[in-house]
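Reading through the structure tokens given below for one structure.
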Amino acid sequence: MDVEKHNIQGIEGHMQEQQQNHNQNLKSDAEIALMRQAGLLTWQAHQVAAALIRPGITTAEINTAMEKFMLAQQAEPLFKGVPDITGQVPFPAVACISINEQLVHGIPGPRALREGDVVSIDTGVRYQGWCGDAAVTHAVGQIDDTSRRLLEVTEGALRLAITLIPQRQYWSQVAREMEAYVTRAGFTVVEGLVGHSIGREMWEMPQVPNYFSLPYQALGDFKLQPGVVIAVEPMVTMSSKRVRTLSDHWTMVAEDGRPSAHFEHTLAITQQGVQVLTAGPDGKAWALPEGPL
């Protein structure tokens, strides 16, 4: 689940805090191994959802199946009960399920999926005290070519980040190339919503944007080093950099009213490279066939 950068403290105050605190969240190999257990359960919850994606099913039905799985595994749903930015409206479900122009934080309910929709599912668990968080955008039946390309590019941006992390020194360098990749493909990275560090809490410092900005580079950047564990989650639209929040206090929609996409994995940097903690038991991490970047 992404975090709203501008709702922490305001960008400059937040960046100063991040600069002071971001080195305090390095994880040991043993802690990363525990997070892998939470990540695997998160992946399995996504498989429960993926098996249900079809025209006619409601988002509430998908959420119910995911919650039953989590509880059967004695895993705590990470999203349920999280307060909104006012602190007054808790998120009521275990998964954010967002359809078409709904980019993130869609609340499951009676709305049924239709042929040609794209639906983003974002969920996470806490297991034995450690968190996992991942998101996938699915096609419902046959979708148009532009929407299909949108999904490919968004997941491609995440694959690119994983490839680049061992080759770059600071996160801003990766974010710059993610944004450039999306832009070259003709799509737009949303600003104001970012990924995050993760550990015992879902949202830890530092924050992890998918785009480049000079204030972030100056004050909020962090070194890519063993022990860093981050949730990287490109959020991409057809043309809108901005989103608006609906009256339910949660659902965020693209201002252009067109389909959007969201992919996310929890990643750990180790001495051996990047480990995708929310991959499957065989290491499989991708919803779509891997193509050229």
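In case you wondered, yes, glycine gets a Cβ from its N, Cα and C as well.
Residues or ranges marked as region 'Disordered' by TrEMBL: 1-24.
Marked as domain 'Peptidase M24' by TrEMBL: 34-271.
If you look up TrEMBL, you'll see HIS105 marked as substrate binding site. Here the Cβ of HIS105 (substrate binding site) has 28 other Cβ atoms within 10 Å, regardless of which shown protein chain they belong to.
What TrEMBL lists as divalent metal cation 1 binding site is ASP122, ASP133, GLU264. In the three-state DSSP reading, GLU264 (divalent metal cation 1 binding site) counts as strand. Packing around GLU264 (divalent metal cation 1 binding site) is summarised by its Cβ count: 27 other Cβ atoms lie within 10 angstroms of its Cβ, all protein chains included.
Of all Cβ atoms in the protein chains displayed, 28 besides its own lie within 10 Å of the Cβ of ASP133 (divalent metal cation 1 binding site). Residues annotated as divalent metal cation 2 binding site in TrEMBL: ASP133, HIS196, GLU233, GLU264.
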I need the CA-to-CA distance for HIS105 (substrate binding site) versus ASP122 (divalent metal cation 1 binding site), whole Å please. 8
Model confidence over the domain 'Peptidase M24' (34-271), as mean pLDDT, sits at 97
Set of same-chain residues at least 6 away whose C-beta sits under 8 angstroms from HIS196 (divalent metal cation 2 binding site): ASP2, VAL3, MET202, TRP203, GLU204, MET205, GLN207, VAL208, ILE230, ALA231
Taking every protein chain in this structure into account, which of the binding-site residues ASP122, GLU233 has the most other Cβ atoms within 10 Å of its Cβ? GLU233
